[in-house]
Amino acid sequence: MAASDIVVIMDFDKTIIECDSDNWVVDELGVTRLFNQLLPTMPLNSLMDTMMKELHAQGTTIDDIVAVLKRTPIHPRIIQAIKSANELGCDLKIVSDANVFFIETILEHHGLRGCFSEIDTNPSFIDEEGRLRIFPLHDFSRHPHGCHHPCPPNMCKGIVIERIQASLSAMGEKKTVIYMGDGLGDFCPSLKLGDGDYMLPRKDFPVWDLICKNRKQIKAEVCEWSNGEEFEHVLLHLITKISFEKTQHC
């Protein structure tokens, strides 16, 4: 099946789900004021670990956090699009600045975890005290990633994409990459895509604005989308188009 030659890489916040998962949890659990007070003082990734400590001290349990995550807004057409792409044989991956616990909890709730072969995000775990700990993917205090694009200190998605591309090359098969994202951190990986790949930015979101201003730097074909219906239509249309072209070249 030609779709097996397609790798679909998705951001998570405001791409798969309709909001920022960090902000959603903070707001729903009533600690927005403290979050906003501390935001100027530390990187977001470190701040979320601090917020989990504060919530634990207030008596918030992991079950409370899970209940909030299960209410995270996600468009039903995006759920269906992910399931359809997986059923067609695409290799689906997530590259996100959220964290493992948030992402996997939401995906499992919607029956989507098994659709993804890989999740590259900030590590997290529940410690012996029952507190959720969140850490950076890249240890910026010891080994800064050094990217000059608008990547947060804890994660350069461009580096992650290069690693995925290297892994695909090592397999000796030519794969077409489709990348979907919305934020500033999704600009760097868009620069790593080549001719024959596709960049799907969410229209009128930060990455869309950056791509519009730097269009000549993008080698991939750009196809925008705005909402859940367009997410599904654009993604599945591209998968069909690429699959057909690959069968014609066989």
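Glycine too: its Cβ is placed from the backbone N, Cα and C atoms.
Annotation for Asp11 (active site, nucleophile): spatial neighbours Ile94, Val95, Ser96, Lys157, Met180, Gly181, Asp182, Gly183, Gly185, Asp186, criterion Cβ-Cβ under 8 Å with sequence separation of six or more. Per TrEMBL, active site, nucleophile is recorded for Asp11.
Taken from TrEMBL, the feature active site, proton donor covers Asp13.
The annotation Mg(2+) binding site is assigned in TrEMBL to Asp11, Asp13, Asp182.
The substrate binding site annotation in TrEMBL covers Asp22, Asp97.
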* Note the Cβ centroid of Asp11, Asp13, Asp182, the recorded Mg(2+) site, then list each other residue of that chain whose Cβ lies within 8 Å of it, in sequence. => Phe12, Lys14, Thr15, Ile16, Ser96, Gly181, Gly183, Asp186, Arg202, Phe205
